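I have placed the structure first, in the form of structure tokens, so that the comments after it can refer back to it.
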Amino acid sequence: MVHHHHHYHCKEKRPKFCINDHVDVLAEILKRLDGRSLCLAACVCRLWSALARTDSVWEHLCFRHLSPPPPSSVRPVVSALGGHRRLYMVCIRPVLGRLGPSRSAELPWRVRSREELQLSLSLFCVDYYERLGSGSSGGGRFGDGSATAPSSLMFLCKPVNV
Amino acid sequence: MGPFDFAAAAAAASSSSSSSGSAPKHPPDLDGLLAGAGYKVRSSELHHVAQRLERLETAMVNSASHIPHLASDAVHYNPSDLASWVDSMLSELPHSSSLPSGFPDPYPTALGCGWLDPCAPQPHQNVVVPQQQQQQLTVVAALEEDSGIRLVHALMTCAESVQRGDSSLARSLVEEMQALLARVNTSCGIGKVAGYFIDALSRRLLGLGSAPAWTYENEVLYHHFYEACPYLKFAHFTANQAILEAFDGHDCVHVIDFNLMHGLQWPALIQALALRAGGPPLLRLTGIGPPSPDGRDTLRQIGLRLKELARSVNVQFTFRGVVASRLEDVKPWMLPVSPKEAVAVNSIMQLHKLLGSDPNRDPPIGSVLPWIRSLNPKIMTVVEQEASHNQTGFLDRFTEALYYYSTLFDSLEAACPVQPDKALAEMYLQREICNIVCCEGTARLERHEPLDKWRARLGEAGFTPLNLGSNAFKQASMLLTLFSAEGYSVEENEGCLTLGWHSRPLIAASAWQAVPSVVNSPTGVINPNDNNNQL
């Protein structure tokens, strides 16, 4: 205790370490979190919130297990269709949840595979297309007067009967 | 609650009805089906007899030691008079008196009272004797299942009488069935499907051949059917995979969609083309669709949406819409194709509509398939219902349809889609049912044929099959695991893929390549007889 006290007085000139001063390190750390933790991190402070919302962090999360990593052409496509965060929330997380340990591994898709990536992207594209439609001014999605939210991916939100 | 074994029930019903065709008519108050088996029971007494048979069975099980004396000592009535026979048997057995005389009859005889749900608490159960409760529950469940089976038998008999032209019998059977329906749970299972078929039969008998005024546009129902169950998604994804593989290496590609609807199939293809190795090709899409009832140019709107999506992912895209209420109205000159581009023809559940037979003309498919060939497509993807609903005999068609749609409704039930998807998806199927049962001639469009017949037909028209490949199979399997119900199965069938429910295939996807028959020689002479495979 006395030693500490003495040490504290000697420390005046040395600045305290604050992670927020090292944004690149912070970004590297955030990249390795899972989706839920990333959302929690976004609630900490404005800097963390801004970082946690950058698409590159979510891109890392989406394709973390994909080996080899996806081709560079994927990034602009995903960005155009709504970004990696939306891709994760709407397609990848539910897909992984369904194809996860509760299913017997008849086909080797525990680790994310190209096929899973492709399927997620296709579903993501359908989702984007439906949102395009609901945003139109023609009186609702398909002109039937009811402005329903895109529901093509609703089946992914339903509980699984295991 | 599982799918009823319609094949067996139908076979039994049709064999008994065909065998009694020449037998003398039975008195109307006797149940016809039991009479065919040799038992005379009044229709009004059926459930009493069933109830007593249950009691007899329970009593015999409980008093096994007393049975031998029944065989040797007792005098019994003729068992063909089932009602009095079972009464006499019951009076013989000592344990039949263990059921209290004040036993309330939970099975109301008056028609029109709803059945007690076997799982709901029974209101007039005063005596809490577990064994009794169990007996009651099993009898209620057995009687409800019995009602379901009776409904199926009645449907078969009605269809058979329609085929014979006996409209009065058919009408009375329809009334009887509507009464039976009140005693069956119509929110799921056999009750629901039977309801639709009874409705369709009554429409047919009333002469309301064409579909009634539907409140919802077909496109809306189609969309909800798309979302409620995996069949259409399977169709789209499998076709897209085949088209993607066929377009490999081509820089100009052209897709012709026989039924654009909302164009839900194409975003995934556009995205896959955007990401393919070597960059996206120039994509042209020609969408065929019916004119929209309120004069909106739906095709153009869909085209604009697809164009916007394509632009977002940097795929060069042009769209052309062709308005036609029937596929046979489309003429080849409406679909200009360039020889430099790879053409894909996509038909999701459209070809069967061309099989309609006007007795004076050949079915339109005979003229449509050749012009498809003349487009020289690199691939034609065909998805069709895996069912035999185009048979000439009404009874056969009806039976097949009952089995098929029951399986389909079962799968919808189990997938538990959200409302309103499920209700509207069911309406979508209801339209198909109505068309199959009520309509004839050119009005009957839903002429589903199984894969084997399509293979033969397309083979004769000069198409060779293309294997769908393992990628398509893997993708389809993956797609299925995303759905919450465990009963779906994807199977491979000689290069084609089928999606089914509990090993009954319901929808089949296949891919075809045209053998080119018309060759433009450099001098401009067209030789239609040149069947060599010159590519």
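Residue 1 is the first one shown; counting continues down the chain.
Including glycine, each Cβ sits where the backbone N, Cα and C put it.
Just so you know, TrEMBL annotations are computer predictions that nobody has curated.
What TrEMBL says about this protein:
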DOMAIN    B:31-96  domain 'Transcriptional factor DELLA N-terminal'
REGION    B:222-287  region 'VHIID'
REGION    B:301-333  region 'Leucine repeat II (LRII)'
REGION    B:438-513  region 'SAW'
MOTIF     B:253-257  motif 'VHIID'
MOTIF     B:351-355  motif 'LXXLL motif'
Within-chain partners of the motif 'VHIID' (B:253-257) [C-beta distance under 8 Å, separation at least 6 from its ends]: 243, 247, 263, 265-266, 269, 273, 281-288, 335, 337-338, 341-346, 375, 377
Averaged pLDDT, computed only over the residues in the region 'Leucine repeat II (LRII)' (B:301-333): 91
For the region 'VHIID' (B:222-287), residues assigned helix / strand / coil by DSSP: 32 helix, 12 strand, 22 coil
Summary of DSSP states over the region 'SAW' (B:438-513), given as helix, strand and coil counts: 27 helix, 26 strand, 23 coil
